[in-house]
C-alpha cells in the first residue's frame, strides 16, 4: 500500500505573458511604413483537476514546484505571439486548496472533473501597433509580458466516504472494514495500528452499497492535535454517517461510557463540530470473554443519561451482528442523502480564484541610503516590469506615468534630489526633477 499523504505544501508559478514587439513595416511599395509590432501571447495558467482515480497527494510529495510555460513574444507584421498551454495538475477528489501564507480558502474540489485555476498566466504585452498617435506615428514603445501569478499553496485531502469508523485505537475498526469490504488494512492488537485512513466499498446482498473509511484511532485531545487525531478528524467532515465503535474488551482497563464520551467530545471540539453527524453506536469485540457484562453496564450508563439510541453488539471475528449493522447503516446513509437532496448544492465545473490586488496607486517610498531610495508597491512594480526599457520612447512613457501616479512628488517629500538612485522592483533609475 502506498504511503498516504493527506496534506502538503507546493509552489505554483503561472507563465509570463510574451513581450510585445517593436517593429515597422518595410515593404517595397510602402514608404515610411507605420508600426507593425504584434502582441505577445498569454502565459499558461495552472489548473487543478479533480481525478476520482487518485487516492492520495503522493504525487506532490517529491515534486513541490510547478511552472507553466511562458507566452511567445509578438512578431513583425503585426503577428501575435502564441499563447502558452495551461498546465493541468490532477488532484484527488476531496482536495481543499488554501493560500499557505494567509490561510485563505481558495477552492474545494468535490466532484470528478471539477477544475480550479490556482495561478493565472500573465497577459501578453502590447506591441507598438497600439501606441501610434497623431503626434507620434512611429512609436518605439512596447510592453513586456505580464508576470504570471506566483503562489504558495497548502493542499488538504479529506476523504469522500459515506461512512466513517471512529473510536479509540484498537477497538476493531480495521477488522470491521476488512470483513465487510475488500479493503486490506493492517491489523494487529496494539495502539495506533492504523496510521493511514483506509477506504472500502460495502456491497449488500440487496444491491445497496456505500463507501466506508477506517480512520486512525482518536485519543483525548485529538481535536487540539494530540496524537494522530487532528490529522484525521478532517476526513470525518465529509462523511454522511459515523459508526462509533466502543470496545467491550473487559481487559483494556477503560470504562466504555468514558470512552464514548471522550470521542464525542473530540468530535464536538473540532473546528467544524462533527458531533451533529448521524451516528450509530457499535459495541465491538463481543467475542472476548466478559464482553457481555461490560455491554450491559454500558447500556445501563447510557440509559441513565437518557440516551435511548440503540447499541449494535458485534464481533468482526465471528461476524455476529455485522449483517444487521451494515443494513441499518445503508438505510441511514439513504436517509441522509435524501435530506441533502432537499438542499441542492450547485458545483461550478471550473472556478478561477481571484486574488485580491492592492489599489493601483498604493505605494510607499523608503530612504535606504544618503542618495538611495526604494519605491515599493505591487502594481507599481508590475508597471515597471512590463515596460520595455530598451527604447527611449518606452522610458519616457514610464516617466510620465510615474509622475501622474505621484511617485515624483513622494520622492521629493522624502528628500530626493537630482542624481539620486531610485529602485523600483529589480530596476534602478536616476532621479531627475
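Note: Cβ is positioned from N, Cα and C throughout, glycine not excepted.
Features of the protein shown, as given by Swiss-Prot:
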type: DOMAIN; residues: 2-160; note: domain 'Obg'
type: DOMAIN; residues: 161-334; note: domain 'OBG-type G'
type: BINDING; residues: 167-174, 192-196, 214-217, 284-287, 315-317; note: GTP binding site
type: BINDING; residues: 174, 194; note: Mg(2+) binding site
type: DOMAIN; residues: 355-433; note: domain 'OCT'
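For the domain 'OCT' (355-433), the DSSP-based tally of helix, strand and coil residues reads 28 helix, 20 strand, 31 coil. Looking just at the domain 'OCT' (355-433), the mean pLDDT is 85. Other Cβ atoms within 10 Å of the Cβ of residue 174 (Mg(2+) binding site) number 23 in total over all chains.
DSSP classifies residue 170 (GTP binding site) as coil under the three-state reduction. Its Cβ taken as reference, residue 285 (GTP binding site) is surrounded by 23 other Cβ atoms within 10 Å in the chains shown.
The two recorded residues, residue 167 (GTP binding site) and residue 174 (Mg(2+) binding site), have Cα atoms 11 Å apart. Sequence-distant neighbours of residue 315 (GTP binding site) (same chain, 6+ apart, CB under 8 A from its CB) are 284, 285, 286, 287, 321, 322. Burial estimate for the binding-site residues (167, 170, 173): highest at 173, by number of other CB atoms within 10 Å. Reduced to three states, the DSSP call for residue 315 (GTP binding site) is coil.
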